[in-house]
Amino acid sequence: MSSKSASKLKREAKKAERLAAKGESVKPSKKNGTKNGKDKEVDGVTKDLSELSTSDPIFERSASGVLTSQPMSRDIKIDSYTLSFHGRLLIENATIELNHGQRYGLLGDNGSGKSTFLESVAARDVEYPEHIDSYLLNAEAEPSDVNAVDYIIQSAKDKVQKLEAEIEELSTADDVDDVLLESKYEELDDMDPSTFEAKAAMILHGLGFTQEMMAKPTKDMSGGWRMRVALSRALFIKPSLLLLDEPTNHLDLEAVVWLENYLAKYDKILVVTSHSQDFLNNVCTNIIDLTSKKQLVYYGGNFDIYMRTKEENETNQMKAYLKQQEEIAHIKKFIASAGTYANLVRQAKSKQKIIDKMEAAGLVEKPEPPRQFSFEFDEVRKLPPPIIAFNDVAFSYDGNLDHALYRDLSFGIDMDSRVAIVGKNGTGKSTLLNLITGLLIPIEGNVSRYSGLKMAKYSQHSADQLPYDKSPLEYIMDTYKPKFPERELQQWRSVLGKFGLSGLHQTSEIRTLSDGLKSRVVFAALALEQPHILLLDEPTNHLDITSIDALAKAINVWTGGVVLVSHDFRLIGQVSKELWEVKDKKVVKLDCSIEEYKKSMAKEVQSRDTTAKVKHLI
């Protein structure tokens, strides 16, 4: 008999004893959806879950609003919500409406306040019922001696102990609250501690962990793998409100496919930011658009449906706007021509009242045109191919050929190359980029590079190396003015403007910019390097969708070569002409599209999970 059925029988037996003592009969118990929506008291453990994932804000953030959802509802509705950060207004008089069972994709430009909004909701800046426990994923697991599985399940073990203590206390009380006791039993049943380790292993396995990696202390893991541990805990806890800020960052393509499939079944409230249209299409049931007017606008459906609906709405709004403006112009023309004739003056006053009523009711606003900006890399002089050639290259970090990460690599790269490198995490994609740049040296074979070749590399950690106490304008002028001494201030501003940085974003300290805006500063600096080859290691991690499209267009018209490592299927499809897979110490050129590659990967993920079940991993 399972622990779940045993606890239920125990619950029913105790309930029967109490009711029999009162001379009453036992009524069939009913289970109505998620238990959290029925709690009558503040659940201290669910509060603890929020505290696991949030901390006091480092920077100044203020928010206000009015909770209007019902106290015991599993939904959240907050009216008149306003959010500021560093004194800058991000959201004004908007409505937060998050319904149980829905999965929301949160969209907005870089710097619009998406991450700050998630932090505000997780921190309960505007209070909502404590029975709705929340978890915000925005940081990696801390380094410690605890292994991945124990790190994940410890908080759940603590919650079970507290629930058992509460049940014991409620069961022995003089005046037993049967409804509350029932909800506590149901909550304990749903957790089922006997499955904790298996469930944790299943999630870790899905995100690419082997059995050996699961047993490693988190202090022995890289930041990327610790981020996966943190993501695994968020999925394991399964809070009533799960807030994920760019969860696909640090994942390889295979893990992204697994996460898409997992989150598509999430049956509580999910709010996720993502730069991947594929991900938003496969996961989300709704879209929230944080607009330039500082409003939260809600759309039903996934990203593609959102785009179609938004375009239709804007088309209809433009028609209504033009029609109304034409009507107003016609009325004003009549009023202007009325002169002093008494009967015409009366008509003119009547017509003016029509305009006054329109204005009082609110005129149709002209739709804002889509924000347009483009990344731009300067043209460079063509070099004869191959400008980079690998000849029988082998590489090992310890110099031992028996431990080689690569063997027998032979290929060429030229200025027409548009290569996307794919493969699992840990197979050496970033290492390959470092071999191309010369940062790493082969232990066998050689890499030849054309004399005068200039390369520029973007890595997912490039933004962390920016001088945070300087503004973007100060940074690029201090760094590149010796290279371009003739440039005036406006020309430097223009460089930043080419990458969507304008106004205060150019002159504010870099530390105050969003991660996406910091990434744009890095791209502006890369453009000033005027390279022949761009090496891009996860360039989309902090860019919004508009920025990614701008990057893709810039790459496609640029005259230099590009080698790309990315987990963004759409960007790969937009820019790559070749797919190279890193596998079994080799680099293999694939004869398929990225869409076909994703389909084959999805089949592999499904097969792998089936195998894991057979091996009792789950």
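Keep in mind that glycine also has a Cβ here, set from the backbone N, Cα and C atoms.
Worth saying up front: this structure is predicted, and the values here are computed from it rather than measured.
Checking SER50, SER194, SER462, SER514 against Swiss-Prot for the annotation phosphoserine singles out SER50. Checking SER53, SER73, SER502 against Swiss-Prot for the annotation phosphoserine singles out SER53.
In Swiss-Prot, the entry for phosphothreonine among THR54, THR95, THR291, THR546 corresponds to THR54. When the residues SER64, SER350, SER448, SER459 are compared with Swiss-Prot, the one annotated as phosphoserine is SER64. In sequence order, GLY500, SER514, ASP515, GLY516, LEU517, SER519, ARG520, HIS542, LEU543, ASP544, SER547 are the residues of the chain that are 6 or more apart from ASN110 (ATP binding site) and have a CB within less than 8 Å of its CB.
Across the fold, the C-alpha of SER112 (ATP binding site) and the C-alpha of SER64 (phosphoserine) stand 18 Å from each other. The Cβ of LYS114 (ATP binding site) lies under 8 Å from the Cβ of LEU106, LEU107, GLY108, ASP245, THR273, LEU290, each of which sits 6+ residues away along the same chain. Rounded to a whole number, the C-alpha distance linking LYS429 (ATP binding site) with SER64 (phosphoserine) is 46 angstrom.
There are 21 other CB atoms within 10 A of the CB of LYS429 (ATP binding site), with all protein chains counted. For the binding-site residues given as GLY108, GLY423, the lowest number of other CB atoms within 10 Å of the residue's CB is seen at GLY423.
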